[in-house]
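What Swiss-Prot records for Lys754 is ubiquitin cross-link, and it gives similarity to another entry as the kind of evidence. Taken from Swiss-Prot, the feature disulfide bond covers Cys30-Cys36, Cys353-Cys382, Cys432-Cys454, and the record attributes it to similarity to another entry. Marked as domain 'LRRCT' by Swiss-Prot: 525-579. The feature N-linked glycosylation site is assigned by Swiss-Prot to Asn114, Asn199, Asn442, with sequence analysis given as support. Annotation comment: Swiss-Prot describes 78-101 as repeat 'LRR 2'. Annotation comment: Swiss-Prot describes 224-250 as repeat 'LRR 8'. The repeat 'LRR 15' annotation in Swiss-Prot covers 415-437. The feature topological domain 'Extracellular' is assigned by Swiss-Prot to 21-587. Annotation comment: Swiss-Prot describes 609-784 as topological domain 'Cytoplasmic'.
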Amino acid sequence: MPRALWTAWVWAVIILSTEGASDQASSLSCDPTGVCDGHSRSLNSIPSGLTAGVKSLDLSNNEITYVSNRDLQRCVNLKTLRLGANEIHTVEEDSFFHLRNLEYLDLSYNRLSNLSSSWFRSLYVLKFLNLLGNLYKTLGETSLFSHLPNLRTLKVGNSNSFTEIHEKDFTGLTFLEELEISAQNLQIYVPKSLKSIQNISHLILHLKQPVLLVDILVDIVSSLDCLELRDTNLHTFHFSEASISEMSTSVKKLIFRNVQFTDESFVEVVKLFNYVSGILEVEFDDCTHDGIGDFRALSLDRIRHLGNVETLTIRKLHIPQFFLFQDLSSIYPLTGKVKRVTIENSKVFLVPCLLSQHLKSLEYLDLSENLMSEETLKNSACKDAWPFLQTLVLRQNRLKSLEKXGELLLTLENLNSLDISKNNFLSMPETCQWPGKMKQLNLSSTRIHSLTQCLPQTLEILDVSNNNLDSFSLILPQLKELYISRNKLKTLPDASFLPVLXVMRISRNIINTFSKEQLDSFQQLKTLEAGGNNFICSCDFLSFTQGQQALGRVLVDWPDDYHCDSPSHVRGQRVQDARLSLSECHRAAVVSAACCALFLLLLLMGVLCHRFHGLWYMKMMWAWLQAKRKPRKAPRRDICYDAFVSYSERDSYWVENLMVQELEQFNPPFKLCLHKRDFIPGKWIIDNIIDSIEKSHKTIFVLSENFVKSEWCKYELDFSHFRLFDENNDAAILILLEPIDKKAIPQRFCKLRKIMNTKTYLEWPVDETQQEGFWLNLRAAIRS
């Protein structure tokens, strides 16, 4: 029994292991190019079965703990390997030995406590290596990177345990585009540890305290282009002039990100600008100034300028003691050489007039996302303020009057570019005043609903996107670029208003079509962006857009952003792919063909009706339907006549002088119905015929050549035919007044023809001796 349980347990383990491997393999998705994605799949190991076809493998954000030398041995063509954000604590020595084509390796944020140079000894083409966020204290006993001659981006260190940097750590590296060192708790920095790197484009240092900052600067100041300091408290920073005063420097840019200053440490940083003379650009991003701006008591007055700094950028500056902050007048003299200033999202509501006047070299000023209003702008743009300013950005402030803002900026004689977007102007006055050299104006997202002559005629670039505009009818003779997306325009602007326009972006309006003629009217247009509109995919529009091979060179967002909105059966399709039927595109031709076909059909029907007496059938059908409304057969008491006599007018002498005399003068007399005598005046003649036939016991047809040719006799014959057909009786009496060919009787009167073929008809004898017998037979036929 125990042996059986043991066997069952072993089989269960094997099955579960197989299922686990199968689940892991299925959780890895690969495309035909060899890019495999296993990101965030809860994997606890590297999936098996990886082959040489894998070129990119993303296994980040899983639960992998171990990398063996067999896991990746078949991935000889692998170029990108992402193993970040796992639980890896062990990597075997030869785990990456077969990855000779690897260019990108990410092992960040794992649990590696020791690093080995053997991991990288075959990675000759590796360009990117990220080792951030692991548990190691140092970069190993030997040089990790000596076998990586092509490495360009290196990220090392962590926020807690990494405490030492030694001289051997970066041996073998000569050029790096980016080096990031996370060393918040750095305690030991051996001098010249970074000096072996001959050139570093961008160095990112995470240092909690600035104790070793100057030592690091001494080593890199001659080989570094950009230094970025992150997450540092500079309260105790002190700059020693002697340390780098005699050295050549190559640093051009300093970035302080999430750094804390005091008044004192800020002065020390300003000193650094003077002694590291190559610095041209300084950026403060998300920094905190724990002071009140009191620099007078410090040595700042002995510093005459900010070195060679030309560009100053400040974003999200936080000043806890903002309401105690002083007027900064002590730093005014330092700003004379600055050409570009950006102070963004820092609650700036005023630039003092005196400071504006000291910024004599300023060419670019960006005060976006602050609290500037017309009242404070009046003080900032005072006389002699910013004398060389060319570009002013006041995006997302508290400006409300377009007219007043333009008037306040008249002091800026050299201003040619103004961005006042994301302010709530709502409307535009009819006239405005602007600096005379204005060439570029940004009024996007200002909620304006119409454009007026307020805009300067000197404009070359105009941005009025994301507003409520429904038309554009301004004449701007010098405008070269127009940005008018996200409005309510229904058509392209008139080209005559914009004679030199070269770039137009008019996407996401309510334009439903445009034509070749419209585009050709913009003679200098090189770039058009008109996607995101609700296009009516008419035949003309599709023919134009699909037939112009050069259209893609003008429409920069063609074809992916151009979709049909109608007709409904192509809605959502790309304009390039939409197809319409022949009837939709050639409606006139189809209608003409249909009309011709209908005409031919009607003509054919007319011929057939004539040939087969269709008109007669329709007339008879109508009359028959009218007659059907009456009683099917007249009751006996409604019979008024013994016989209705149908005859030709030319045979009236025989009927009226012979037949009437013989029948109505006979005893007992017969009552005959004659149309001349008995038809009701004013009544429709067809109704008279129908009523007379129905009120007569018999119908006598006096057949002759004249009868066959008579139109009304035909009607009487027709209705008699219907009566014979409908009532199935023998009410007809045929009298041949003169010999007549049976073929003269129309073929459609089949029953009457049958009567003539199957019954004896009465023939008027020429011989007078036989006429008495004729009348006798006629009287007998009427009585039958």
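Every residue, even glycine, has its Cβ placed from backbone N, Cα and C.
If you compare Cα positions, Asn114 (N-linked glycosylation site) sits closest to Asn199 out of the recorded positions Cys30, Asn199, Cys432.
Here the Cα atom of Cys30 (disulfide bond) is found 63 Å from that of Cys353 (disulfide bond).
For the glycosylation sites Asn114, Asn199, Asn442, counting C-beta atoms within 10 A of each C-beta gives the highest total at Asn442. For the repeat 'LRR 2' (78-101), the residues of the chain that approach it from at least six positions outside its boundaries are 39, 54-69, 71-72, 107-113, 116, 118-125, 130, judged by C-beta separation under 8 angstroms. DSSP assigns Cys36 (disulfide bond) to a strand in the three-state reduction. Within the model, the repeat 'LRR 2' (78-101) carries an average pLDDT of 95. Of the listed disulfide-bonded residues, namely Cys30, Cys36, the sparsest Cβ surroundings within 10 Å are found at Cys30. Put simply, Cys36 (disulfide bond) is 57 Å from Cys454 (disulfide bond) when counted between their Cα atoms. Listed in sequence order, Asn379, Ser380, Cys382, Ala385 are the same-chain residues six or more apart from Cys353 (disulfide bond) with CB atoms under 8 A from its CB. Within 10 Å of the C-beta of Cys382 (disulfide bond) we count 17 further C-beta atoms, all protein chains included. The Cβ of Cys432 (disulfide bond) lies under 8 Å from the Cβ of Leu402, Glu403, Gly406, Glu407, Cys454, Leu455, Pro456, each on the same chain and at least six residues away in sequence. The CA atom of Asn442 (N-linked glycosylation site) is located 45 Å away from the CA atom of Cys36 (disulfide bond).
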